[in-house]
Amino acid sequence: MPHQQILMLFGLLPVATNISTWWNFGSMLIACSTLQVLTGFFLAVHYTANINLAFSSIIHITRDVPYGWLMQNLHAIGASMFFICIYIHIARGLYYGSYLNKETWLSGTTLLIMLMATAFFGYVLPWGQMSFWAATVITNLLTAIPYLGTTMTTWLWGGFAINDPTLTRFFALHFILPFGIISMSSLHVMLLHEEGSSNPLGTNSDIDKIPFHPYHTYKDLLMLAAMTTLLLLIVSFSPDIFNDPDNFSKANPLVTPQRIKPEWYFLFAYGILRSIPNKLGGALALTMSIVILLTVPFTHTSKMRSMMFRPFMQMTFWLFAATFMVITWTATKPVEPPFTLIGQAASMIYFLFFISNPIMGWLENKIMKM
């Protein structure tokens, strides 16, 4: 039977014996993606993409639809779990040199951009106060593009301000983009298994591989069980932990919130945007904070793939991870000293990681020759 052959191929997939828990996040992302598509479909059935009814339809789903509260909370918290997993997945790729599999890395970065766009469109759909103002601020950045900016913004809004056509467009985009993500994920997995996974040592795994099943299957299932447990605990006991209090009020274009901020998983990029006082400069920095990941495979100069035996790069990497968290924290604070200065310093260190990567590699090569 064809499905038995597929299962056999999957079970016999050769995998390095020494890949650690950090390699489990790929399968967890597939699980998150499946959860988001399923819960998203059931929510879309009851959602109304109209500025007068959108907020009420979310309340209707939560109160009146059987298990609607569960679908809504699973979808919202599931998005946060998705981003936690994807950030760890990217960090593992940076630490262990997985980016040297160039096609896989480039397709993965494209996936990240698509995922961030999908999450942004989804954040606008409840039409709460923070949804509306976050959409206004972020989409308004398009006007910074010379010549085409104003036309592009008007086209995206469907008019001269955020209104009903904007919500309809965002709902359509939020619905269609996950199918693009599924297609790109399939390509990502195919490109990965063409060359095979790396391992913590960064060495060639061909001499020491075992079938994927049963060892790695159970390893994946353990992490999936842990993630599912955490997800259900948050959904059951603290479903609003990631929500902004302002978003429990219906969107009002006449009242500006004290602090406009997107969801927590965009705060690092928003913090970088805020740290530059110039509009065009901020928009470029925001874009570069994600697009710069595309440069990593082409700037690797070290003779060693993994950072496991590179103490200088390890220090740089953990400084980068700490900087990511600091930028996220500063983005939640008011635009006033000392937060502006901390944000600017942290943003500089964020980009310095990508500049220092090839320099550190070159220095390590020199030291090894001594």
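Our numbering is plain: 1 for the first residue shown, then up by one each step along the chain.
A Cβ is built for glycine as well, from the same backbone N, Cα and C atoms used for every other residue.
Cβ neighbour count for HIS75 (heme b b562 binding site): 20 (other Cβ atoms within 10 Å of its Cβ, all protein chains included). When secondary structure is read from DSSP and collapsed to three states, HIS75 (heme b b562 binding site) falls in the helix class. Annotated heme b b562 binding site per Swiss-Prot: HIS75, HIS174, in sequence order.
Remark: HIS188 (heme b b566 binding site) has THR104, SER107, GLY108, LEU111 as non-local neighbours, by Cβ distance under 8 Å and separation of at least 6 in sequence. Taken from Swiss-Prot, the feature heme b b566 binding site applies to HIS89, HIS188, supported by similarity to another entry.
Residues within less than 8 Å, Cβ to Cβ, of HIS193 (ubiquinone binding site) and separated from it by at least 6 positions along the same chain comprise LEU13. Look at Swiss-Prot and you will find HIS193 tagged as ubiquinone binding site, backed by similarity to another entry.
The transmembrane segment annotation in Swiss-Prot covers 25-45 (among others), and the record cites similarity to another entry as its basis.
Annotation comment: Swiss-Prot describes 69-90 (among others) as transmembrane segment, evidence class similarity to another entry.
Annotation comment: Swiss-Prot describes 105-125 (among others) as transmembrane segment, evidence class similarity to another entry.
Under the heading transmembrane segment, Swiss-Prot lists 170-190 (among others), citing similarity to another entry as support.
According to Swiss-Prot, the transmembrane segment annotation covers 218-238 (among others), on the basis of similarity to another entry.
The feature transmembrane segment is assigned by Swiss-Prot to 280-300 (among others), with similarity to another entry given as support. Long-range Cβ contacts of the transmembrane segment (280-300) within its own chain (Cβ-Cβ under 8 Å, at least 6 residues beyond either end) map to 90, 94, 97, 99-100, 102, 105-106, 109, 112-113, 116, 141, 144-146, 268-270, 272-274, 347, 350-351, 354, 357-358, 361.
According to Swiss-Prot, the transmembrane segment annotation covers 312-332 (among others). Sequence-distant neighbours of the transmembrane segment (312-332) (same chain, 6+ residues past either end, Cβ-Cβ under 8 Å): 87, 91, 94-95, 259, 261, 264, 267-268, 270-272, 274-275, 302, 339, 342-343, 346-347, 349-350, 353, 356-357, 360-361, 363-364.
Positions annotated as transmembrane segment by Swiss-Prot: 339-358 (among others).
The most crowded of the binding-site residues listed here (HIS89, HIS174) is HIS174, judged by how many other CB atoms sit within 10 Å of its own CB. Cα separation, HIS89 (heme b b566 binding site) to HIS75 (heme b b562 binding site), rounded: 20 Å. By the Cβ criterion (under 8 Å, sequence separation of 6 or more), the transmembrane segment (25-45) is in contact with the transmembrane segment (218-238), since 3+ such pairs are found. Taking Cβ pairs closer than 8 Å, the transmembrane segment (339-358) reaches residues 268, 271-272, 274-276, 285, 288-289, 292, 295-296, 299-301, 313, 316-317, 319-320, 323-324, 326-327, 330-331, 333 in its own chain, all 6 or more past its ends. Between the transmembrane segment (218-238) and the stretches 69-90, 105-125, 170-190, Cβ pairs under 8 Å are most numerous for 69-90.
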